[in-house]
Amino acid sequence: MADIHGIDQELLNKIVYDALVWSSLHGLVVGDKSVKRSGTVPGVGLVHSPIALLPGSFPETHWKQACELVSIFNELVDRVSLDGKFLQESLSRTKKADDFTSRLLDIHSKMLQMDKKEEIRLGLHRSDYMLDEKTKLLLQVELNTISSSFAGLSQIVSKLHSDLLDQYGEVLGLDSRMIPENNSGKQFAEALAKAWTEYNNPSTVIMIVVQAEERNMYDQHWLSVHLRKRHNVKTIRKTLAEIDREGELQSDGTLLVDGQAVAVVYFRAGYTPIDYPSETEWAARLLVEQSSAVKCPSISYHLAGTKKIQQELAKPNVLERFLDNKEDIAKIRKCFAGLWSLDDKDIVKKAIEAPDLFVMKPQREGGGNNIYGDDVRKTLVRLQKEGNVEDAAYILMQRIFPSVYPTIFVRDGICHKDHAISELGIFGAYLRYATHLSTTSLRLSDANLLYSIFFLVLLFSVNHGVTLRILLGRYF
């Protein structure tokens with residue numbers, strides 16, 4: 001492909017115009033943050049999703065490597081989730097330093113005391129990677145086990161890029177046939193529908209737990225559309241506060257919300273302290289966990305995806321506790337970046353001396369919480385001086401340095417030529433259920449493996465020094 005920044009301006013204007021029309025016609029939209037009610041009332045304040053105008057390139061060998069890891073990580077999460085002692089012990093110091101993690105662990109502890117068994121376990125995950133420029137290694141940034149977003153919209157982005165290349169590919173030197181098929185939204189919906197089927201009550205609904213204000217609601221609504229049209233499954237949307245107000249448990253464990261029996265609870269909220277402003281929301285989370293509904297994720301799956309557990313799994317001999325296949329263990333270990341507890345004084349010393357080589361990560365989901373650059377040094381020095389347990393709320397991670405490449409972003413109807421680094425996000429689903437005293441593992445693998453090679457670009461603006469998350473298609 002020729003230099004993307006060298007595209008003739010008249011041609012560029014045409015491509016941008018067509019992309020904006022296409023996005024508006026096909027539901028590639030989010031709520032406009034400048035418009036009141038855009039995050040609460042559908043159809044109010046719509047704006048196209050920020051996008052990369054054209055797909056970016058990614059080495060096919062590393063993409064295949066990431067796809068091969070999907071089923072292994074899914075199995076790993078499931079096995080870790082079943083080891084309550086490991087979760088409680090690994091997060092014990094974090095519990096003292098982080099109230100949010102403490103509350104999650106309290107719920108988990110109550111489920112252990114109840115000997116609560118999840119006969120049907122569903123995980124909808126997204127594993128994020130960066131390709132390190134120096135080592136050419138594909139390294140995992142994080143594994144998301146709760147509210148893995150953009151399965152709905154990323155599917156549409158791939159179609160947008162395919163259609164644009166059908167129209168302009170010849171002059172751009174790009175072939176739309178090189179864009180792999182992406183059905184992430186449909187396949188997430190299929191996994192939810194399979195869990196609903198296993199619950200074996202056709203009068204039930206799937207409940208999507210949402211934030212009170214959600215500008216990314218259309219990413220979620222696409223899953224509801226697929227569930228209704230392809231699987232004839234009804235969905236309802238409720239906040240945690242609404243669940244507390246309208247929810248009740250029947251004697252057999254059935255969860256009723258507003259009088260409707262719930263088979264599957266799909267969390268698109270509940271991953272951040274902001275989602276729990278009062279005891280009401282915590283009561284709702286506990287109510288859901290106590291029920292017989294399939295949770296996506298369960299409290300144990302949620303905890304298995306925390307940064308601290310990611311760091312614990314990177315320690316020597318820990319993966320062997322959960323996985324038997326040596327080849328699978330080697331594949332996972334190969335993609336681990338350096339991960340350390342702040343108990344490691346030698347690493348802390350190195351991070352203070354060379355902070356640009358490290359990232360500090362708190363026990364938070366949702367992005368925007370990591371610490372970089374000289375702020376790493378300042379934070380570590382402060383924690384050392386204070387000498388309290390707050391350091392247990394963080395982990396240190398090797399900073400990955402991916403290649404920087406030119407791209408064109410479209411935001412608010414305006415295109416910007418800039419340079420970017422990208423993450424590769426792979427979606428994966430895992431459904432496990434017990435039938436007639438035997439356990440069957442359904443890895444949505446081979447023909448049904450759920451993965452998408454469409455995720456986000458992290459755009460670093462040299463002029464403004466800001467980082468944006470933009471949807472981007474992958475192109476080999």
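Each residue, glycine too, has its Cβ placed from N, Cα and C.
Where the annotation comes from TrEMBL, it is an automatic prediction and has not been curated.
Here's what TrEMBL has on this protein:
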- ARG126, GLN220: substrate binding site (BINDING)
- GLU142, LYS307, 361-370, TYR372, 397-400, GLU423: ATP binding site (BINDING)
- GLU142, ASN144, GLU365: Mg(2+) binding site (BINDING)
- 204-304: domain 'Glutathione synthase substrate-binding' (DOMAIN)
- 449-472: transmembrane segment (TRANSMEM)
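Sequence features, as recorded in TrEMBL, placed on the structure.
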residue : record                 : contacts (Cβ under 8 Å, 6+ apart)
GLU142  : ATP binding site       : SER127, ASP128, LYS307, GLN310, LYS361
GLN220  : substrate binding site : GLY152, ILE208, VAL210, GLU214, ARG237, ARG268
PRO362  : ATP binding site       : ASP98, LYS307, ASN369, ASN370, ILE371, ALA393, TYR394
TYR372  : ATP binding site       : ASP356, VAL359, MET360, ARG399
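Working note on the binding-site residues ARG126, ASN144, ARG399: by count of other C-beta atoms within 10 Å of each C-beta, ARG126 ranks first. Each residue in the domain 'Glutathione synthase substrate-binding' (204-304) gets a DSSP state, and the totals come to 43 helix, 26 strand, 32 coil. Note: the CA-CA distance between ARG126 (substrate binding site) and ASN144 (Mg(2+) binding site) rounds to 5 Å. The average pLDDT the prediction assigns to the domain 'Glutathione synthase substrate-binding' (204-304) is 98.
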